[in-house]
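The transmembrane segment annotation in TrEMBL covers 12-34, 528-546, 618-636, 666-686, 698-717, 833-853, 874-901, 921-941, 956-978. The feature region 'Disordered' is assigned by TrEMBL to 48-78. The compositional bias 'Acidic residues' annotation in TrEMBL covers 64-73.
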Amino acid sequence: MGEKWGWRKWGFMVFFGIMLLHITAILLFTRGFLLTRTELSQYSQCSDVSESPCLSPEYQNPELNEEEDDSDDEHCCRHHHRNQNQTVNPDIQAQSCWTKPAVDRIVIIILDALRFDFVAPSSFFEERKPWMDKLPVLHKLASKPGLAAKIFKAIADPPTTSLQRLKGLTTGGLPTFIDVGNSFGAPAIIEDNLIYQLAQNGKRVVMMGDDTWVQLFPHHFHTSYPFPSFNVKDLHTVDNGCIEHLVPALYKQDWDVLIAHFLGVDHAGHILGVDSLLMTEKLEQYNGVLENVVEVLESMSGPGGLHENTMLLVMGDHGQTINGDHGGGSAEEVETALFALSLKNSSSSLPCEFESSSCQLEKEKKRISISSIYQLDFAATVSALLGLPIPFGSIGRVDPELYGLAAGTGEPRILGLNDRSDSGFEEWMKSYVNVLCINSWQVKRYMDAYSASSTIGFSQKDLLHVSELYTRAQEMWSQNIKSSLLCNTKSCNTLSSAIMNQIDAYSDFLATVAGLARSKWTEFNIRIMSIGLCLMVASLFTHVYAIKRLDNLFGLYFTHPGNSGISFMAVFAYTIVLIRASSFLSNSYILEEGKVASFLLATTGILQLQYAIVKKKMVLEGLAFILLVPMLKLGIELGQAKQAVNSLFLKFQPSWTLGILRDSQVLMHVVEIMPLLGLILLACMLYKCILCGALKGILKYVVSGTIFNYVLIALIWASDSDLLSLPMVLEAFKGNLIPRIVYASSLLQLLSLAIFQILSRETGSGQEESTVYKALAMLSSWSSTVILLSGKQGPLVALSSVIAGWCVIKLTRFKQDSDSCCTEDSSFYSFPVVQWSLLATSLFFCTGHWCAFDGLRYAAAFIGFDEFNLIRQAVLLALDTFGFSHILPILGLPLLVALLHSRRKAKQGNNLFPIQLCQVYLMYGLIMAVSVTFTILCVTIQRRHLMVWGLFAPKFVFDVVGLILSDFFICLASLYYLV
C-alpha cells in the first residue's frame, strides 16, 4: 500500500510540475510576443509649436496679416521677418495653440458597435436588409443642399474591442493586442491623449454614458454621468441616462466638448444579433434622439447663438458581425460610420483631389456622397479643429474632408482644376497645408523619440526612408511654400499647384509612417520567445519520458507473450496528431480548424468501421459514430458562418442557414422542443443509473441533484418560449433566481464529492467500478452549469458527446477483445485518446465558438446576474467557452480506462489501473502540448504576417488558456481519481 501511495503521489507531482513548466514557458513567450508598444511619457505642449518649421496660430490669423499691400516677394519676406518680432495679441493667443481653431464646440455622440450599413443608405449595397435606413435623419442632413454635413465610412484597426477603440480614438495611436485583456477592467490611460489636451488647455468636457470613459480618464471631465456598461442584457440603462442628460446639456454654456456614449445597439447585437426586432427598435430610438439633438443645435446656430460654430459628430467605435460579435478584424467589425455636421455658415468648397466619395441616390432620390476616414486620424483632426496640440503619440493625419467641413469649406462641393481661382479654395489650401506641416512635424518628432527610447524600435532602413520623405517635404516647404503663406494674396503670387504638391508630400510621409506602424508596431523579443518555445519543447520530452517510465513500470507487473512493438493504430494516431499540429502553420487551416478536426475524427471512425465490418461485429456502433461526425460538422459550419447555433437555440429564432422559415410553426416547435427532449433523455440516463443500485451514498445524492437541476433548466427555457403555450405560473421561473440555484447546487455537489474523496480510500479490489461511478457523479455535477451557460444547444451537444464517447469505448473494447496480441500500454491507448482529443476539439467549434474574441459569448457570463463582477463573470465565461471541450472531456477520461481495463483485469493478476490512468492523462496532456507548441512555433514564424493580430495571436491566446486550464483539471482529476 505504501508503494502504491508513493507512485500515486509521484504521478500528481509530475502533473503539477508539467503545469508549472507550461505556465513558465507561456509567460516567457507572451512576454516576448505580446509586448505592448513603448508608451512614452512626453506630452505635447502649446509652446512646442515654436520649435516646428511651421507657422504658429498668430500668423494664421487674418487680423495679424492685414498689412498694406507689398509689391513683390522680396517685400513679403521682409514682412515675414517683421511679423516674427511683433507682439502677439494675448486674446488670440489664449484662443489658439497649435492651429487656428475652426470650431468652438464639438458634440460627439458615440453609438457603440455602429455598423456602416446602419448609417449608409441601402442604395449603397447590393441587397437591402431589415436593419438598413433606420437613421433617416442622417440621410436627410447629408443630402440637404447648402448644409456642411457628410457621412464617412470609418475604418478601425483591430482588435475591435471597445477599450482598444476608445484608446485609439483618443491617443491617435494603433491598438496593442495585449490591451484586449483589460477590456473588462480598463486602466487609466497614462500617455498623451485628446481628453488630456482638452483639460490641459482649458476646454471643459462633459461625458455621459459608458463608464469606461471615467476608467480611462478618471480626472479629466468637468462633469460626468457614467453608467455601468458590462451587463449585456441591459439595453436601456446607459441609453436612458444619455437621453436624460444630453438634450438639457445642449442648452448650457458650461462645456466645450460633449461626449455621449450609447450602448444599446452593442448589447442588442450581443443578445439577439443584428437581424432582430430589438435592433430595429434601438436604431429607431436613436433616430429620434438625433432628430432632437439636431433640432436644438440648429435652433441656436444663428449669429451670436450658442451653437453658431458647433460641430456634431455621430460615430461608432467599431462595427459588429451579423451575430452581434466584435473583437476581430473582419470587414463587418472594422467598418463603422462617422457623420459630421458643421453649423457654421461658409461658402467655399473642397478641391477634388481630396474627395474620396462614392455617390448614390437615397430613398427620396436625393444625392448622398460617402467618403472614407481612418479612425487613426480622429485625434489629430479633432485637435486641429479645436486648435489644440496633437497628442504626442498620434501618428494619424488631419483628414482633409472632415477638417474641411468646419475649417472654411462649408458644403462639400467639389472644385475642379478650372476653379482654382476661388478665394475660399485659396484660404482652405493655405490653412490645411500649414496644419499638415504641424501634423507631420509632430509625427516625425514622435518617431524620433520612440526610436530613441524604445528597446528595439524601427529598423534603420525604415527610419531612413521616413526621414528622407520628411526632409524632402520640408525642403519644399522652406523653399516654396512658407513665405507665400505669410504674404497678402493681393500682392504675392498664388502657388496652388505648389501647395498641392506640398500637401501630397506631407500626406505621403504620414501614410508611410502609418503603414510602417501597422506592419511593425509590436516589438518582438526573439530571445525571450525562444526560451519560452524551448521550455514548451522540454515539456514534450517530459511527457514522453513519464509515459515511457510508466510503460516500464507496467512491464514489471505484466508481460504479454505477443508482439510488444508499436502497432499500426498507434502510428496512425501519432500521425493524426502531427498532421493537425502542423496545419497550424497555415492561416487557412487555422480558419478551418474545426473542419480539420472533424475530418480527422471521421477518418479514425472509418478505420474502426472497416475493422468492424471485417470482423462482422460492432458495425452498428461504427456506423453511429460515423453518422454522428457530420452532425458535429454541421454545428461547426454554422459556427464558422457566425450565424450559428446561437440563432437556432439561444435566440429562439430559426437560422436562415438551415432555411427554416419564421412562419413555419412545425419547425419552430421542433426547435423549441428538441432541447427539452435532450434534457429529458439525459435525466433518464442518470435516473437509470440510480435505479440499478450502482450509485450509493453521497454519489447517489449528487446525481439526484443533477436531475433536479435539469428540471429547473427545462422550466427556465419553457418559460422563455414564445411558442409553447405554458401556464402563467411558469413566469415565476424567469429572472436570476433559478440560475443561481443551479450554480449553488453544482457547487454543493462538488463540495460533497470532495468530502467523499477525503473520507473514502479505494484499494485494488473494485477500483475500476468505483472510478466509473465517481466519474459519472463528477460529470453530472459540472454538466448542469455547462448546459445552462451553453443555452438550448447544450443538451444536444451533451447527448452527442455521450454517444460519441460511448462509441469510442465500445469500438476500442472490441479491438481489445479481438486482438490476442493487444497489450494495455501507451501504444494501445494512443488511438482512443487521440479520438477523445479530436472529439473535444470538435465540440469546441460545434458549440459556436472559434479562436477569436468575437467567438466569445459574453451574454453567457450574465446568466443569473445583472451586475458586473470581474471574477464571477470571467469564471462563467470560461465555463461556457471551455466546458464541453476541455473540462468535461478531461473529467470523463477515466471512463475510457476503467471500462477497458476491467475487461482484462482478471488476466493480469495485478491492479495496474492507476498506472494506466496516469499514462492516459499524460498522453492527453501531450496531445494538447504538441498542438500549443506548434501554435507557438507558428506565431513565431508568422509574427510579421498581415493577419498576426487578427488570426494568429487570438489562436495563440485561446490555445494557451486551454492548455493551462487542461493542466489544472488534470491535476484535480489526479487528486480525485488517484490519490
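Just so you know, glycine gets a Cβ as well, placed from its N, Cα and C.
Note: TrEMBL annotation is automatic and uncurated.
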Restricting to the same chain and to residues at least six past its boundaries, which positions have a Cβ under 8 Å from a Cβ of the transmembrane segment (528-546)?
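Hits for the transmembrane segment (528-546): 14, 17-18, 21-22, 24-33, 922-923, 925-926, 929-930, 932-933, 936-937, 940.
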Same chain, outside the transmembrane segment (698-717) by at least 6, Cβ under 8 Å from its Cβ: which residues?
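Non-local partners: 675-676, 679-680, 682-683, 686-687, 689-690, 730, 733-734, 738-739, 741-742, 745-746, 748-749, 752-753, 755-756, 773-774, 776-777, 780-781, 783-784, 787-788, 792.
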For the transmembrane segment (12-34), which recorded stretch in the set 666-686, 833-853, 874-901, 921-941 gives the largest number of Cβ pairs separated by under 8 Å?
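Checked against 666-686, 833-853, 874-901, 921-941; highest Cβ contact count belongs to 921-941.
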For the transmembrane segment (921-941), what are the same-chain contacts with Cβ under 8 Å, counting residues 6+ beyond its ends?
14-15, 18, 22, 29, 33, 529, 532-533, 536-537, 539-540, 543-544, 546-547, 550, 577-578, 580-582, 584-585, 590, 826, 829-830, 833-834, 836-837, 890, 893, 948, 952-953, 955-956, 959-960, 962-963, 966-967, 970, 973-974
